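Taken from Swiss-Prot as is:
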BINDING   Leu72, Gly104, Leu123, Gly124, Lys125, Met126, Val127, Trp128  S-adenosyl-L-methionine binding site
Amino acid sequence: MRIHIIAVGRLRAGPEKDLIGDYLTRFARSGRALGLGPARVVEVEDRKNGGMGNEAALLRRAIPDGALIAVLDERGRVESSPDFAQRLAGWRDQGRGDLALVIGGADGIDPALRAEADFALSLGKMVWPHMLVRVMLAEQLYRAASILAGAPYHRN
């Protein structure tokens with residue numbers, strides 16, 4: 001199952017981008033044998049004054065046809081890392097070829113796009129900067145693959 005992290009805004013060179021690259025490289029290595037990956041980041045333009053509706057249109061265009069859509073949203077479901085790993089495995093086992101993990105801009109996900117999504121995931125009750133959400137999501141993908149592979153990265 002190919003993973004597409006689709007996010008508003010361009011991440012400049014720096015520690016966040018380096019961390020994302022590191023975690024997605026690790027995910028590619030550990031996920032391959034599990035039928036997960038590769039994962040890639042797709043960035044859409046951050047239209048400062050365009051509003052969430054315009055961002056949603058750009059995000060929709062970046063989502064592959066037929067992909068399962070999971071939005072990152074503070075109102076979404078909070079899951080443990082093992083539960084998220086099992087959810088990924090379940091989607092993979094359903095034969096889903098593509099998973100779009102969608103991250104909105106500073107104002108979040110447009111309500112209409114949220115309603116269209118197959119799933120809404122929250123990384124906790126706190127609100128996180130959308131640029132950091134990418135790093136946290138990339139790490140959780142790697143952690144999920146490690147859990148599914150029985151590797152010692154995740155500790156209960």
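Placed from the backbone N, Cα and C atoms, the Cβ positions cover glycine too.
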- Note on the structure: Given the binding-site residues Leu72, Met126, the candidate whose Cβ has the fewest other Cβ atoms within 10 Å is Met126
- Which has the fewest other CB atoms in a 10 Å radius around its CB: Gly104, Gly124, the listed binding-site residues? Gly124
- Message: Return the residues near Lys125 (S-adenosyl-L-methionine binding site) by Cβ distance under 8 Å, restricted to its own chain and a separation of at least 6 in sequence.
- Response: Glu74, Val78
- Note on the structure: Here the binding-site residues are Leu123, Val127; the one whose Cβ sees the most other Cβ atoms within 10 Å is Leu123
